[in-house]
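Residues or ranges marked as ATP binding site by TrEMBL: 27-34, 144-147, VAL173, 181-184. The active site, proton donor annotation in TrEMBL covers HIS34. What TrEMBL lists as (R)-pantoate binding site is GLN58, GLN150. Marked as beta-alanine binding site by TrEMBL: GLN58.
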Amino acid sequence: MRVIKTIIEARKIRWQLSGSVGFVPTMGYLHEGHLTLVRRAKKENSIVAVSIFVNPTQFGPSEDLKKYPRDLNRDLELLEREKTDIVFMPSEQEMYPSKFNSWVDVEKVTERLEGASRPGHFRGVATICTKLFNIIQPARAYFGQKDAQQVVVIKKMVADLNMDLEIVVVPTVRESDGLAMSSRNIYLNTEERKAAPILFKALSLARQLWQDGEQNADKICGEMTALIQKEPLASIDYISIADADTLEELKEVSHQPALVSSAVRIGRTKLIDNITLG
Ligand code: AMP
C-alpha cells in the first residue's frame with residue numbers, strides 16, 4: 001500500500017498505472033460502511049485508491065470541523081487489511097493553497113434538505129470531488145447511499161460537466177439495530193446511542209405504510225413525525241419524501257422512485273438517513 005500526501009506524487013504514480021482505478025473518497029475515521037465501498041471498488045477495478053481528507057470547505061462555521069473524529073493510524077491499518085493499493089491523504093494546504101479561488105456549484109438539487117440546513121456544504125463537496133477526480137483520474141468512484149443527496153449532486157455534476165468516470169452507489173451499511181454507520185456516531189453517549197435507531201425505525205415505518213397501500217406523502221411524514229416525537233432525546237430537522245432524481249417534494253408516492261430522507265438530532269448530534277421506495 002502506497003501512502004501519498006502530495007499531488008505531484010499522486011500524478012507520478014497515476015502515470016505509471018495501467019488498468020482501471022476505483023476511487024473511494026472519505027474523510028477518514030473509517031468504519032464498515034467505508035470498507036464496504038473499498039471492497040466493492042477492489043472487486044470491480046485493478047487498482048483501488050482511497051482518499052482521507054477532512055474537507056474544510058464543506059463544513060459551515062458553526063459545524064464540527066475541529067472536533068471531527070480522526071485516527072489516521074487505525075485508518076491505514078484497516079485499509080492495509082483490505083489490500084488497498086493507494087491512500088491519498090493530502091494536507092489542507094496541499095488541496096487549498098492560499099489564493100484558491102475556483103468553486104464548483106451544482107444548482108437546484110443542492111437547494112433543499114442538507115443543502116438548506118448547511119449552506120455552502122455541497123459547493124465544498126462538489127469542489128473537493130472535482131479536484132480529487134482530476135488528481136486520481138478514476139474509472140469509477142464509489143459513494144454511499146447513506147448520503148443520498150450527495151450522490152444526486154455528484155451524479156449531476158459528473159453528467160453536466162462531462163466528467164469521464166462512473167459513479168457507483170453502494171447501499172447503506174447499518175449496525176444490527178438499524179442505525180446507519182457514520183463516523184459521527186462516536187459523538188453519541190450511551191443514552192443517545194440507545195435512542196438513535198428511532199431514525200431508521202421511522203424510515204421503516206414509512207416503508208411499511210407504503211407497502212400497505214398508503215401513497216399520501218403528508219400522511220407518511222405525519223406518522224414518521226409522531227413516532228420520532230415519542231423519543232425524548234430526538235428532535236427533527238426535516239423529513240422529506242422527494243423524487244429520487246430531482247429531489248423535488250412529492251405529494252404522492254406511486255411509481256417513480258421516491259427518496260424518503262430525514263435528519264434528526266439526538267442530543268447535539270445530527271444523524272441523517274434515508275430509504276428509497278418504488
Ligand atoms: P465520509 O467519510 O463520511 O465522507 O464518507 C465517505 C463515503 O462513505 C461517502 O460516500 C459516504 O456516503 C460513505 N458512507 C458513509 N457511511 C456509510 C454507510 N453507513 N454505508 C455506506 N456508505 C457509507
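The first residue you see is number 1, and the count goes up from there.
Glycine is no exception: its Cβ is also placed from the backbone N, Cα and C atoms.
Please treat TrEMBL annotations as automatic predictions, because they have not gone through curation.
Owing to the predicted nature of the structure, the values given are computational and were not obtained by experimental measurement.
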Seminar exercise, completed: Whole-Å Cα distance, MET27 (ATP binding site) to HIS34 (active site, proton donor), is 10
Exercise. Hey, what's the Cβ neighbour count for MET27 (ATP binding site) at 10 Å?
Worked result: 18
Problem set entry | Listed recorded positions adjacent to ligand 1, that is, members of MET27, GLY33, HIS34, GLN58, VAL173 whose C-beta is under 6 A away | MET27, GLY33, HIS34, VAL173
For this session: From the recorded positions HIS34, GLN58, GLN150, pick the residue whose C-alpha lies nearest to the C-alpha of SER183 (ATP binding site).
Result: HIS34
For this session: Specify the count of other C-beta atoms within 10 Å of the C-beta of SER183 (ATP binding site).
Result: 19
Problem set entry | Which of LEU30, VAL173, the listed binding-site residues, has fewest other Cβ atoms within 10 Å | VAL173
Exercise. Residues with Cβ closer than 8 Å to the Cβ of GLY33 (ATP binding site), same chain and 6+ apart in sequence?
Worked result: GLY144, LYS146, THR172, VAL173, ALA180, MET181, SER182
Problem set entry | Rounded Cα-Cα span from LEU30 (ATP binding site) to GLN150 ((R)-pantoate binding site), Å | 18
Exercise. Across all chains shown, how many C-beta atoms besides its own are within 10 angstroms of the C-beta of GLN58 ((R)-pantoate binding site)?
Worked result: 21
